[in-house]
Amino acid sequence: MRTKNQSKMAEFLLLGLPIQPEQQGMVFTLFLGMYLTTVLGNLLIILLIRLDSRLHTPMYFFLSHLALTDISFSSVTVPKMLVNMLTSHKSIPFAECISQMYFFIFFTDLDSFLITSMAYDRYVAICHPLHYTTIMRGDLCTLLVAVSWILSCASSLSHTLLLSRLSFCAANTIPHFFCDLAALLKLACSDIFLNVLVMFTVGVVVITLPFVCILVSYGYIGTTILRVPSTKGIRKALSTCGSHLSVVCLYYGAIFGQYLFPTFSSFLDKDIIVAIMYTVVTPMLNPFIYSLRNRDMKAALGKLFSRATFFSQ
């Protein structure tokens, strides 16, 4: 006989990272440094785009939203993980757990849509350069971001509402450092067929389809580059393509790696590794990728440092 319905369970227990107690101090310092780098680096990107008029273009409009999303994305899980490392009390209230899951899914999906919007921007810039300013108007960019937010909200809300109808068994231990949807479904006593069906269906819409769109965009970009002689404008556009492709490889590589390398979990929990990659590592690396590989960002950064040096004298 199944355990009595516990859908109003007071709290869950997060086991956190699979590390030894003597390693917690070192791991805490590492992740705190990575989190602070993520927040400060992405805030710097937003500041540079805001202050430098040369960066008031569609590409950097999307990049500023991506930077804000990355800050929020890491802030959903990392602070709670750091607190749990310092305390022996690793429980999380039911309402807070569901809220964390909602925002985690929301920012995961929003990242995917924003990266896809940036790919479309690069496609128009290289394949239709003469019509770039007429196609990538301010209202279209705003619409793409607004639709990204709406679709992400609908996706995360659907998972949250479906999860709230489930009943949970007495076991409340989550073998993760945050409230992951898949981990929560394993604790449910009631039928989760509809939840799993929606999870895979929505996953195709918010992850797989955007990734296919990105591949198609860069397919057209590659064809255009091979046909048209290289010019200064094309080279400038390609400099941002290199940065964007690096982000695409990091983000989608981590997600698809979970399915391409299933044996990896034999010695490490692949779900935790994948989650760390796109909640901690990728948001931290994005500012470095866009500042070190992009001429405009480096110029804006140098201009900001020059201003700071001038006013400090």
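Each residue, glycine too, has its Cβ placed from N, Cα and C.
If you look up TrEMBL, you'll see 41-290 marked as domain 'G-protein coupled receptors family 1 profile'. Marked as transmembrane segment by TrEMBL: 31-49, 61-82, 102-120, 140-158, 192-221, 242-260, 272-292.
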Practice item. State the residues, same chain only, that lie 6 or more residues beyond the ends of the transmembrane segment (31-49) and have a CB under 8 A from a CB inside it; answer 'none' if no residue qualifies. Key: 55-56, 60-61, 63-64, 67-68, 70-71, 74-75, 78-79, 81-82, 85, 280-281, 283-284, 286-288, 290-291, 297, 300-301, 304
**Study point:** Top Cβ-contact partner of the transmembrane segment (272-292) among 102-120, 140-158, 192-221 (pairs under 8 Å)
**Key:** 102-120
Check your understanding: Under an 8 Å Cβ to Cβ limit, what residues of the same chain, 6 or more beyond the ends of the transmembrane segment (102-120), are close to it?
Key -> 59, 62-63, 65-66, 69-70, 72-73, 76-77, 141, 144-145, 147-149, 151-153, 155-157, 159-160, 178-181, 206-207, 210-211, 213-214, 217-218, 244, 247-248, 251, 278-279
Check your understanding: Taking every residue in the domain 'G-protein coupled receptors family 1 profile' (41-290), what is their average pLDDT?
Key -> 87
